[in-house]
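Copied straight from TrEMBL:
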DOMAIN    108-188  domain 'Beta-ketoacyl-[acyl-carrier-protein] synthase III N-terminal'
ACT_SITE  C114  active site
DOMAIN    232-321  domain 'Beta-ketoacyl-[acyl-carrier-protein] synthase III C-terminal'
ACT_SITE  H248  active site
REGION    249-253  region 'ACP-binding'
ACT_SITE  N278  active site
Amino acid sequence: MTLRAVLAGTGSALPRTRVSNAELAERVDTSDEWIVERTGIRFRHVAEPDETTATLGAAAAREALAAAGLEPSDIGLIILATATPDNTFPASATKVQALLGAPDCIAFDVAAVCSGFLYALSVADSMLRTGAAKHALVIGSETFSRILDWEDRATCVLFGDGAGAVVLSAEDVADDRGILATRLHAEGQYCDMLYVDGGPSTTGTVGHVRMQGREVFRHAVTNLAAVLGEVLADVGLSASDVDWVVPHQANKRIIDATAKKLGLPAERVVLTVDQHANTSAASVPLALDLAVRDGRIRRGDLVVLEAMGGGFTWGAAILRI
Ligand code: ACO
């Protein structure tokens, strides 16, 4: 028997308001045609003032708990990945804990921007396997609409708000179920290519997203293909063994180019970027939840998750459902 972190449930939450490309084109100099052709994005959800990273994260967590058949009191660990916390402190994970009514447990945020969920998942996997908790909530939740420069058409069309969550349970398994391998990377020399131009310790303001789109694109395809190769090699499997890829949903062209590099057919890639745009740390668990709920991802499937974002940071995980 092997102690592994096993996926016990998934959940997600989206803000009430959905904004189409055509509606965005009324505010900034862009078009549905340009956005669809360059990114594959058609819609994004934008949070209303009463919808925050913590409230969306808690809504996604409730769904994941229900799917796992667990109560908030069963949770010993909450890790929330976000670049858009409700407050500079405390960690939004503790706000989620309060909203859920979960008693004393471990709760903290992870900041790795778009790859935050992969970082959080990897930390939770390690902590569950070393006995820190029996059940963990791993959440990606973002309200990027609050840090977008709505005058900058090169960035504001790309992002959306939302949350996704998973429950992981430490289980002694006799088969290969659970998280089999994770890999994380960071190359801080590229931190100026995708960043927010504000912060508590510099400007004292929240700031706005700034990006060198072409450079991000180039690094994303190279890094994501490499890290997927790494997790497959870690478990001695190849791309043809993979049932589903759940990629970070930044741009359809990045997703297609990465899949092509690895020889993964498009039918095995979960795509939500058209409906949600880039929801940063929320995109992978949101897409995972969608594909679990619509019956595509089933018990026994081999699934790979991957993401890359500001830092640069990137990572991948491979798990048997
Ligand atoms: N609508 C219309 N025109 C636009 C828009 C817009 N929303 N944005 C930029 N343009 C214009 C530019 O001004 C430029 O015009 P010019 O030629 O007259 O100067 C022209 O379109 C081309 O601009 P580029 O930035 O060179 O366009 P590119 O083909 O590189 O596409 C894009 C831009 C979509 C951002 C692309 O670089 C990209 O996808 N990069 C990856 C970035 C990404 O996905 N980031 C998300 C966060 S990182 C991550 O999650 C991996």
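Note: Cβ is positioned from N, Cα and C throughout, glycine not excepted.
For the listed features, I'd like the structural context: burial, neighbours, distances.
The number of other CB atoms found within 10 A of the CB of C114 (active site), across every protein chain shown, is 33.
Under the three-state DSSP scheme, H248 (active site) falls in the coil class. Annotation for H248 (active site): spatial neighbours C114, S115, L224, N278, S283, V284, E306, A307, M308, G309, criterion Cβ-Cβ under 8 Å with sequence separation of six or more.
If you look at the region 'ACP-binding' (249-253), the same-chain residues 6 or more away from its ends with a CB under 8 A from one of its CBs are 38-41, 114, 158, 217, 220, 271-274, 276-279, 283-284, 286-287, 308-309.
Around N278 (active site), taking its Cβ as the centre, 24 other Cβ atoms fall within 10 Å, counting all chains.
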Can you check what DSSP calls N278 (active site), collapsed to helix, strand or coil?
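For N278 (active site) - judged by DSSP and reduced to three states - the answer is strand.
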Please state whether DSSP places C114 (active site) in a helix, a strand or coil.
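In the DSSP reduction, C114 (active site) maps to helix.
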Counting by DSSP, what is the helix, strand and coil composition of the domain 'Beta-ketoacyl-[acyl-carrier-protein] synthase III N-terminal' (108-188)?
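Secondary-structure composition of the domain 'Beta-ketoacyl-[acyl-carrier-protein] synthase III N-terminal' (108-188): 26 helix, 35 strand, 20 coil.
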